[in-house]
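Chemist: Take this structure, written in structure tokens, and hold onto it; I'll ask about it next.
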Amino acid sequence: MSRVHPAGPRHADVLTEDHPMPPAEDLNALDPAVWPHGARREEGVLNLGGIDVRDLAAEYGTPLYVYDEHDVRARAREYAAAFHDGDVHYAGKAFLCTAVAKWLNEEGLGLDVCSGGELAVALAAGFPVERITLHGNNKAPWELERALEAGVGRIVLDSFEEIARLAFLAGERGVRPKVMIRVTTGVEAHTHEFIATAHDDQKFGFSRSSGAALEAVRRVLDLDQLELIGLHSHIGSQIFDTDGFEVAAHRLAELLVAIRDEHGIELPELDLGGGYGIAYVPGDEPHDPKAMADGLRAIVARECKAYELRMPRLTVEPGRAITGPGGVTLYEVGTVKDVEGLRTYVSVNGGMSDNLRTALYGAEYTCVLASRTSDAPPMLSRLVGKHCESGDIIVRDLWLPADLAPGDLVAVAATGAYCRSMASNYNYVPKPAVVAVKDGTSRVIVRRETDDDLLRLDAEANA
Ligand SMILES: Cc1ncc(COP(=O)(O)O)c(C=O)c1O
Ligand SMILES: N[C@@H](CCCC[NH3+])C(=O)O
């Protein structure tokens with residue numbers, strides 16, 4: 001039977017308004033909102049940063065994470081310009097390696113790290129320590145020690161235990177780290193449950209509504225070993241509407257007033273976290289960084305004016321918005337299987353080990369045939385991986401050309417954030433290489449894992 005979608009009644013569930021069958025020529029189009037700035041088709045073949053993806057696949061193999069360096073740097077500059085009177089700390093959890101840390105340092109950003117490992121990468125990249133923030137809801141003593149030894153710019157405190165722990169470790173070393181209090185503002189961010197972080201019933205921060213945030217401030221101010229510089233809030237991730245950020249900014253400003261009234265001090269800094277949504281599929285409308293910055297600044301300024309408070313310095317921590325759109329994953333098609341009357345399963349040589357987001361959050365992605373164009377009619381497809389799970393899905397519902405065949409390359413857009421950083425070795429699949437492209441050149445910034453890497457920690461294999 002033809003793999004062209006037969007438009008039978010069993011397709012009704014996926015033939016929704018969200019996934020109407022497009023004209024065949026649309027399958028070759030690259031929506032500029034979703035693809036990196038430097039992506040185009042040249043003689044039908046996807047070209048990233050001036051390089052034909054067939055050449056990238058031939059040189060580095062697949063699956064392959066490809067980052068458009070100009071795209072990442074341009075987005076970093078855009079945020080830095082928007083928050084020119086404050087600080088932009090890139091959230092390294094989105095994707096971090098020494099090359100990216102160096103790009104962002106050169107663009108003047110700071111860096112938010114949330115583990116001793118991320119801190120080690122930042123230090124290896126020579127990232128200026130005074131522009132590093134340490135995060136985490138359960139930082140181990142060794143992670144706090146590493147941060148103190150390095151002399152990081154600030155540590156965001158997340159629990160009462162941590163306040164005592166850090167004060168003790170700082171006292172032992174005779175240092176006085178700058179700290180912020182992470183506040184749970186009670187904002188219900190409009191995003192997937194797993195990536196909303198400011199509602200009361202979750203693990204991060206000190207609750208504002210219960211009074212824990214103000215109690216944390218009291219405890220820190222009672223301690224000589226810690227220097228309290230401000231409050232922090234991060235409401236969640238992949239957020240499109242601005243309401244949540246505005247409510248959080250408003251509630252933090254109210255807390256600054258309460259602190260002034262109780263302690264007679266005005267904290268100089270306010271960190272509003274990250275969470276700015278990016279376009280994964282056509283129609284997603286990301287924030288304009290300048291409009292966002294102007295809006296947040298105006299809200300905080302309004303509150304400060306109303307309460308006669310000095311305007312604090314603002315920091316934001318975008319992760320996904322900096323590295324997400326500049327990253328593309330290239331895969332090779334291995335099998336194309338019709339499941340009669342339902343859809344076509346296109347299996348590629350990666351999957352949930354290099355992109356967990358679809359399995360974990362039901363994330364949506366855009367995928368195109370990359371190694372050629374096709375005028376074949378669209379077939380209703382599901383892009384799946386090679387792992388032993390039926391939930392090993394990269395793109396749940398998409399239209400691909402009906403002549404797709406083993407050996408074709410497909411590219412998935414907007415995979416620069418939370419894909420390599422959340423990658424695993426499930427099924428002992430090695431993690432793909434990461435390549436940076438720029439002006440027609442390419443280089444490996446994280447090499448592909450090998451079987452030796454997979455066996456490196458196996459004690460008996462190395463006995
Ligand atoms: C404290 C903190 N800051 C910043 C971020 C970055 O978020 P995003 O990548 O959505 O901008 C996160 C992750 O959600 C976070 O936990
Ligand atoms: N990992 C998540 C975002 C969580 C960010 C960290 N708080 C994602 O892929 O969307």
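Heads up, the Cβ atoms here are built off N, Cα and C, so glycines get one too.
Per TrEMBL, the feature active site, proton donor maps to Cys388. For Gly275, Glu317, Pro318, Gly319, Arg320, Tyr418, the entry in TrEMBL reads pyridoxal 5'-phosphate binding site. If you look up TrEMBL, you'll see Arg320, Arg357, Tyr361, Glu389, Tyr418 marked as substrate binding site. Among the features that TrEMBL reports, compositional bias 'Basic and acidic residues' is placed at 10-20. What TrEMBL lists as domain 'Orn/DAP/Arg decarboxylase 2 C-terminal' is 65-416. Look at TrEMBL and you will find 71-323 tagged as domain 'Orn/DAP/Arg decarboxylase 2 N-terminal'. Annotation source TrEMBL lists N6-(pyridoxal phosphate)lysine at Lys93. Under the heading region 'Disordered', TrEMBL lists 1-22.
Can you tell me where each of these features sits in this structure?
Modeler: DSSP assigns Cys388 (active site, proton donor) to coil in the three-state reduction, outside any helix or strand.
Under DSSP, Arg320 (pyridoxal 5'-phosphate binding site) is assigned to a helix (H, G or I) in the three-state scheme. Sequence-distant contacts (6 or more apart, same chain, Cβ under 8 Å) of Arg320 (pyridoxal 5'-phosphate binding site) comprise Ala91, Ala94, Ser237, Gln238, Gly274, Tyr276, Gly277, Ile278, Ala417, Tyr418.
When other Cβ atoms within 10 Å of the Cβ of Glu389 (substrate binding site) are tallied across all protein chains shown, the result is 13.
Across the domain 'Orn/DAP/Arg decarboxylase 2 N-terminal' (71-323), the model assigns an average pLDDT of 94.
Secondary structure at Lys93 (N6-(pyridoxal phosphate)lysine), as computed by DSSP, is coil. In sequence order, Asp112, Cys114, Glu118, Gly319, Tyr418, Ser421 are the residues of the chain that are 6 or more apart from Lys93 (N6-(pyridoxal phosphate)lysine) and have a CB within less than 8 Å of its CB.
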Chemist: Quick one: give me the count of other CB atoms within 10 A of the CB of Tyr418 (pyridoxal 5'-phosphate binding site).
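Modeler: So the Cβ neighbour count for Tyr418 (pyridoxal 5'-phosphate binding site) comes to 25.
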Chemist: With every protein chain in view, how many other Cβ atoms are within 10 Å of the Cβ of Gly275 (pyridoxal 5'-phosphate binding site)?
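Modeler: Step by step: centre on the Cβ of Gly275 (pyridoxal 5'-phosphate binding site), count other Cβ atoms within 10 Å, giving 30.
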Chemist: Measuring Cα to Cα, how many angstrom lie between Gly275 (pyridoxal 5'-phosphate binding site) and Arg357 (substrate binding site)?
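Modeler: Roughly 16 Å, rounded to the nearest whole number.
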Chemist: Just to be sure I understand the contacts, which recorded positions have a Cβ under 6 angstroms from any atom of ligand 1? Candidates are Pro318, Arg357, Tyr361, Cys388, Glu389, Tyr418.
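Modeler: Pro318, in sequence order.
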Chemist: Taking the recorded positions Gly319, Arg357, Cys388, Tyr418, which residues show a Cβ-atom distance to ligand 2 below 6 Å?
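Modeler: Checked recorded positions vs ligand 2; flagged Arg357, Tyr418.
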